[in-house]
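Database features (TrEMBL):
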BINDING   B:His66, B:His68, B:His212, B:Asp300  Zn(2+) binding site
BINDING   B:Glu95, B:Arg147, B:His185, B:Glu215, B:Asp300  substrate binding site
DOMAIN    B:57-401  domain 'Amidohydrolase-related'
2 protein chains.
Amino acid sequence: MSKTLIRAMILPMTGPDDFYPEGEIAIEGDRILSVGPKGSAPAGFVPDRVLDLPNDVVMPGLINTHTHAAMTMLRSYADDLPLMPWLTDKVWPFEAKMGKEDIYWGTKLALAEMILSGTTSMLDMYGDMDRVGDAVLETGTRAVLSRGMIGNAPNGEQAFQEQIELVENYHGAGDGRIQVMFGPHAPYTCSGEFLQKVKAEADRRGVGIHIHVAETLDEINTIKEQEGKTPVQWLNDLGIFGGHVVAAHCVHLTEEDINILAEKKVAVAHNPESNMKLNSGTAPVPEMIAKGVVVGLGTDGASSNNNLDLFGEMRSAALQQKLKKDSTALPAYEVLEMATIQGAKALGYEDIGMLAPGYKADLITINFDQPHFYPRFSIPAHLVYVAHAGDVRTMMVDGKFIMEERKLLTMDVKKICQEVEQRAKRIAAEFAD
Amino acid sequence: MSKTLIRAMILPMTGPDDFYPEGEIAIEGDRILSVGPKGSAPAGFVPDRVLDLPNDVVMPGLINTHTHAAMTMLRSYADDLPLMPWLTDKVWPFEAKMGKEDIYWGTKLALAEMILSGTTSMLDMYGDMDRVGDAVLETGTRAVLSRGMIGNAPNGEQAFQEQIELVENYHGAGDGRIQVMFGPHAPYTCSGEFLQKVKAEADRRGVGIHIHVAETLDEINTIKEQEGKTPVQWLNDLGIFGGHVVAAHCVHLTEEDINILAEKKVAVAHNPESNMKLNSGTAPVPEMIAKGVVVGLGTDGASSNNNLDLFGEMRSAALQQKLKKDSTALPAYEVLEMATIQGAKALGYEDIGMLAPGYKADLITINFDQPHFYPRFSIPAHLVYVAHAGDVRTMMVDGKFIMEERKLLTMDVKKICQEVEQRAKRIAAEFAD
């Protein structure tokens, strides 16, 4: 088994007071052996490789709890439009033209961008998820895959079958780097019957559910009209909650809704930039955290963001809450927890999201030897309010380096960028005239 | 005179349809000679140097219309606190300990960060502005300097005298790279009499006024109680408007206030991230633009931001307006105009803020050969919604390169970072009983 020792500043995310200004972390195989101050690695630990980065901060890899990776294909294709024309005239027609290989290359591009911005794990929802799984397996990151199923669409049943195949073929693949969840799209695109069928099948196969919930006021009004209750209450009454569920967005919630999410241990994926850009609203994040709801951070797809950068997302999460509530809302360390340990819990992992003995070696280093990181009064505040994607230097996933000095070790970046450029422009050209 | 030719993609900011995918820009001395497609440089133009950057976008340098550069010294010193304890227990006591040389080094750090994030010009307000001027002169960027004057403070008169000396010694320095404006702090910290004295002196010396206006609801209430009108109406009735005035923040405005700003040609410095972080509110930016008010972008000080990155600020400006109004508010190109040509107008320049013949050669190049800039559907959307500070590769100010390949050519970055680290920690230690 490979043995690596990293010497750097360490923010292990094991608690707000835990920080090693001159720390070292020992890694054996895919797991962390020890984390602590200089000299704390076990006696007898002889590393194959020592990485000396005294001006870098090592922290757990960031976790993106809600995205549609392949939508990088639509990045900056349509912006600044009203929601419905944006969807009906731009996004949906483009997506309808995307084939399996477009999704593969779009996902590769997303993974390249995620690695360069510090994200080691994602929860993805899209179609042709087998090719998404292939892209993740080749790249070496971690992912939870869900087949987006619009129950009310003509292909709802086919999507359900693909979801089942996805579980059979990819759940646990890559030494467990890949997990699968069922992905019914949303309360307003799936019938109660379809959702219950999905829940039964997911339970039978021992996997969770990833679903959009309470994203817009339109959704709230639609479900209230149809069912006489909020989307959260309707899903709860249908029996969808209980077990592992990730509800993406949760922008518009009543107090009762929050109580249900807390009681049923539904995790929430909060997507501040998408919620702002699409005028969805401001999710009650501090209120959910106060009631014990697990809240992770997500970027949503690159079509409504337009990047997959969780550093920007952390900053936006904090600023959005402070704008709505007051300047004390969602302090820096809490935001970092959302992007790491809370994200890990949301995705159902018990051994990622912090740097501690026995945890998987999923980590990043951030180059703090730059003007914007001086003076060094607060590492958490610097990471949330100052850092940007370009500051990430190194990434390790499952004990393997996949980026060093911003060079991607498992990807041909040039080829990926060219493929996406050609494929995306070819699709867009079909609508031009 | 030096002659430089840059070949790259060019976004000249001369109009929404102007873009040269394979462009070239010819620079002679400190000014732009020509901008256009490949081969457009005048016949007979023989450059000393050719810079070939086919995958970079060249655009005008960004303009920060409101900052307190030296406050980098307080970066991440205090965050997530209520406004008044943050100011009275943290910011003000720290600032009271800052000497002339602390301000010099804090400004040097700010300039390093600004260059690395694409900002060529700033409008600054602080104390000991002579040393700020020195830092700018050494560094080679462009700046408008204003001595912050709290008229009601014991040192109000002294600040006024320093402001006059600043005009005499620095206005027009560095071949015009430095300009000076008067800096009365705000309506709630200066009497009407003081403001009128400042206005008279500024007029006599032919320089403008830079003042905080309508930043918080507290300010609105205070001035309404004291004067029976809004801050904008009070300043207008005092005769402060007319001539060159930059009003920073303008978060809380009535329709009449906006009409006054438009009629009196008062420029506004919009600071979205500071306004969010301090819970000040959302400025009516689209409403001001619709009425013809010149609105630039600012970062405010690093104590309430906590960086000086205008790329982040552009993104936040757009997202904040979309959250408040709708997804069509403040489209990408308009945001870019705020950060370039509108910022230039706000600062009183007629020959920066766009790339056009006869304009000063203040420009940056952005490395678009990275995964997050593919596919290339919209350069403006990429710059506003995707780009981050680390993407800036090159900077030229006044025809001289001051950054290439992210190396600062006029600064000793290591020394600056060390100086600031030591000075800031020494000041903070004085409070750590």
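Just so it is clear, glycine is given a Cβ too, placed from its N, Cα and C backbone atoms.
Between the C-alpha atoms of B:Glu95 (substrate binding site) and B:His66 (Zn(2+) binding site), the distance comes to 18 Å.
Among the binding-site residues listed here, namely B:His66, B:His68, B:His212, B:Asp300, B:His68 has its C-alpha nearest to that of B:Arg147 (substrate binding site). Taking Cβ-Cβ distances under 8 Å and a sequence separation of 6 or more, the neighbours of B:Asp300 (Zn(2+) binding site) in its chain are B:His66, B:Thr67, B:His68, B:Ala248, B:Asn271, B:Glu273, B:Ser274.
Proximity to chain A (CB-CB distance below 8 Å) holds for none of the binding-site residues B:Glu95, B:Arg147, B:Asp300. The Cβ of B:Glu95 has fewer other Cβ atoms within 10 Å than any other of the binding-site residues B:Glu95, B:Glu215.
You'll find the Cα of B:His185 (substrate binding site) roughly 6 Å from the Cα of B:His212 (Zn(2+) binding site). Of the residues the record lists as binding substrate, namely B:Glu95, B:Arg147, B:His185, B:Glu215, B:Asp300, the two whose Cα atoms sit farthest apart are 21 Å from each other. Of all Cβ atoms in the protein chains displayed, 27 besides its own lie within 10 Å of the Cβ of B:His66 (Zn(2+) binding site). Mean pLDDT for the domain 'Amidohydrolase-related' (B:57-401) in the predicted structure: 97. Summary of the Zn(2+) site environment: with the site residues B:His66, B:His68, B:His212, B:Asp300 set aside, the chain residues having Cβ atoms within 8 Å of the Cβ mean position are B:Thr67, B:Met125, B:Ala248, B:His249, B:Ala269, B:Asn271, B:Ser274, B:Gly298, B:Gly301. Within the same chain, residues at least six positions away from B:His212 (Zn(2+) binding site) with a Cβ under 8 Å of its Cβ are B:His185, B:Ala186, B:Ala247, B:Ala248, B:His249. The sparsest Cβ neighbourhood within 10 Å, among the listed binding-site residues (B:His68, B:Arg147, B:His185), is found at B:His185.
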